[in-house]
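Notes for the one structure printed next.
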Amino acid sequence: MNSITTQQYLILQNEIMTPKEEEENYLRIHLLMTDISSRAVRVLFDKEFHPSCLHATIKKEHGKLLDLRMKRVINGAQWNLLFPRAVKRLGGLNMYEECQELRSKHLDQSTVPWNIRVQIIQLLDQWQKNDLNFVETKAAKHVLKCIKENSCVTITASSGVGKTATLQHVVLKMAEEGYDVLLVTNPHNIIDYYNPNQKTLFVIDNFCGTYSINQSDLYNWEPVMTRIEGLIHKSLIKIIVACRIQVYKDNKFEALSIFKTNVCNLLSENLCLSQAEKESIAEIYLETEASEIIQYCHLYECFPLLCKLYRDNTELNITEFFQNPFSVYEAEIEQLKKKEIFGKYCALALLVMFNNELNEEVLTEEIDKETKRIIKNTCEACRLERSTSRLMLLDELDTLEHTFLKKEDGIYKTIHDKLFDFLSHYFGKMIIQCLIKNSQSMFISERLSFEREEDMEQFIIVVPPQYHQIYIQRMVDDWSIGRVMSVFNNINMEKPDFRKRFLNFVETLDLSYQKQLAQINDIEYKYNALLDCCFICDFSLIQWCCYYGADVNQCRSDGVSPVFVSSQEGDTKAVKLLLEYKADVNKCDEAKVSSLHIACQTNHIDIVKMLLKYKADVNKCDENEVSPLFIACQLGHVDIVEMLLEYKADVNKWYDNEISPLFMACQNNHVQIVKILLEYKADVNKWDDNEISPLFMACQNNHVQIVKILLEYKADVNKRNKDEVSPFFVACEKNHVQIVKILLEYKADVNKCKADEVSPLFMACQENHVDVVKILLEYKADVNKCKAEEVSPLFVACQQNHIEIVKMLLKYKADVNKCDEDEVSPLFMACEKNHVEVVKMLLEYKADVDKCDEDEVSPLLMACEKNHVEVVKMLLEYKADVNKCKANEVSSLLMACQRNHGDVVKMLLEYKADVNKCTTDKVSPLFTACHKNNIEIVQMLLEYKADVNKYVVLGMTPLFIACQENNIEIVNLLLQYKADVNKCDDAEVSPLRVACRLNNIEIVKMLLENNADLF
């Protein structure tokens, strides 16, 4: 228990069962004692006895302490003081708070089964160990950045480049960021384990296959993609996957669109390993031998894997291995054959037959006849007796561990997928006939090709022509026992010539056997060959399936039917044939999507026409109430929209949040569709659940033509949404000038405000939409209409320095002195923001130059505080009261002195500012300047007759504060201006005493020369 964290324990224990109250309390006490309390004790002891000397101290005193305890010299209470039990006393407030949280914590929160959680924790522990040898590459940093910024990230590369290591490293980093890391194998895990209250990172390695795309994985993903997409849009969930580059590039991968949005290709120019990174990897794995092979690091993309493989088998010749690694392995295997060590040779071949997952029980327990046949045939092909002991083969497998193989949970596999690729290719050359007849169906489907092609994977096995017939027979054999998916997703089935040859072979079979093949369902996915033939879009195969009695309505587990697939793929001939064979035209998948719906979505016009002719339900909606008409309007499929409406599609049928087809067409600017819908009596004012109308949406998106059309069809020009925003308001906000003009021509209310009393004019002024402001003013917009805080359009324009708009508003009689609720005027705001041109304009329009805010701060004082010299000058020229003070009698001059604004001080003095005006605490400008150590300002103030001996409330003079600040120059200047050298503060402390206390000899000397009293 002590080896796992509090969080992991809480997650684990509540997954085992839903605890009763007594059990919860027991678990809380257990956790308190085993985790929090132990850490609390550690905190206290670390304070009293440093860890470096703790052991020695306890050992030294243990006997004495125990003796005293046994003699009852130390009683129970005293013992508890020596070894306190109270967490708060021991560990402090933080741990006390942990206890309080534990006390009330709900212990049944996890969505993950406890046994799965245990496995994940064990795997993450192993990843932590693996990560000790990880070199943090630029690729790893990039992937980490991507997953932090995005909800879904795909890592891709060829085998051996470092996909898995990078994935594991990034995942561990995200765990440190507080993410609950869940390693999953299929999309249903994501749905089942999703916790809306927990930051979660779902992790999938070898995504959708190890060598080619795994069709069963694809089938698992396709039906739930919409739900997964919905989940990842929530901020608490992320998904990171790693997949081989050939899987990612497969055309079928396009269906998994979310995994193509943020892709990190470790082979790309920006992310591939640099020379320095390769050297670092070599040094970690090869240590002193690294220098011997670094010159070969560019030969293979899988350099990191080669380093690991060599470290695990150092008997290999290092230079030969890094120059041609797979030739080295091939030579080793050839040596086994040459020396007649056929047991090991056969053990490796068996691993290939079982597609890199050889369960040791196959060699130790009772097995079926088929498995026995495979083992015997493999032994024979490897020159062993067919009766060879399975236990002997098991021993041979064990001897190959750490060189070729590893064993995990009783299953033998190669130490890396790349090595299995090589072994498959090797035995594909050596015992191809045995491989074709005995290897697993998925192996046959993924790795054996009839022809060599350009850009073919290095280790694809090309079947020699003399074995083509055997290969096709093996496919038929697999088909006959229900392995339909592996047959029709065979890599060769992508080629029309092969499909033709395959069908020709099938047609030579007995008619009853052909009928059996056509009607048999896949043993796992429960659909027949027709569905896969529809995916392939091979009409001859589809025709054959229908002719021999394949059930045209047999669906996949997610409800996808053959006619649905052909409609989706745009295979018009196939759809026609299936309908003639009585395919259910209204059959839907599990999301209630019909064939008509998918044909409308994919814009297959002829198929839509055909489905409608065969009585497809034109108003059949999916699970989200999306109709075929809606999806066609959304995607802009004009011909299909017309066709659906001719077949009486409900023009006002809305989506589940009350979005109508017309609304969607307006949103997406499908002008022609909008016209068609309105001609078919679409409700022009039908709004969504936020009361946003089609007109509002068109105005917001600047769809001018659509706005005109909607208004011609009597759209409500002043209809506001839930936030009381009108179409006219949003057009003004977005600066859609042409639409603003159109709406005004249709009598839009120019002063219609939104909820917080923000008018269209105010919004246009705030956003600096000059043309819109001009139009609104011409249409008699209320120039002084304020928003809720009494902020006027002029105020906000001044605040934002929108000069052209300020000029326009003033011309249209805007109230130049209209203040907000804090009594801040437009002039005050412009002075504060240093908007010089605006200040000048406002003053020309008779703005009150001395209008103060609620704290009695004047525009001049604000400008002085901010050091806006040009504004200060302008205000003074317009007769601003130079001595106007704020609430505590702080003048503009004092504020400028306090802020060290020398130019402002000079200007104020020239305009007759009261040089001796003090605050309520009797602080003068001169005192302030001395305190701030500004010699230039002090000089100016003295030249303007500042009272050199003016003191503050506590009796301190400018000379006193200058001595205290240790400023020799200012002290000297004040003495030149006859400062009273003996003037003490209220505590009878003189400037001399202050200087002595601060040990400033030069100031002391200066004061004494000016007759300072010694006592």
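Just so it is clear, glycine is given a Cβ too, placed from its N, Cα and C backbone atoms.
No curator has checked TrEMBL annotations; they are predicted automatically.
Note that the coordinates shown come from a computational prediction; the quantities given were computed from them, not determined experimentally.
Taken straight from TrEMBL:
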- 134-286: domain 'Novel STAND NTPase 3' (DOMAIN)
- 558-590: repeat 'ANK' (REPEAT)
- 591-623: repeat 'ANK' (REPEAT)
- 624-656: repeat 'ANK' (REPEAT)
- 657-689: repeat 'ANK' (REPEAT)
- 690-722: repeat 'ANK' (REPEAT)
- 756-788: repeat 'ANK' (REPEAT)
- 822-854: repeat 'ANK' (REPEAT)
- 855-887: repeat 'ANK' (REPEAT)
- 888-920: repeat 'ANK' (REPEAT)
- 921-949: repeat 'ANK' (REPEAT)
- 954-986: repeat 'ANK' (REPEAT)
- 987-1015: repeat 'ANK' (REPEAT)
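Same-chain residues lying 6 or more positions outside the repeat 'ANK' (888-920) and placing a CB less than 8 Å from one of its CB atoms are 858, 860-861, 864-865, 867, 869, 872-873, 876, 882, 926, 928-929, 932, 934, 936-937, 940-941, 944-947, 950. Using a Cβ-Cβ cut-off under 8 Å and counting only residues 6 or more beyond its ends in the same chain, the repeat 'ANK' (657-689) has close neighbours at 627, 629-630, 633-636, 638, 641-642, 645, 651, 695-698, 701, 703, 705-706, 709-710, 713-716, 719, 721.
Restricting the average to the repeat 'ANK' (558-590) gives a pLDDT of 96.
Residues in the repeat 'ANK' (987-1015) partition by DSSP class (helix H, G, I; strand E, B; coil) as 16 helix, 0 strand, 13 coil.
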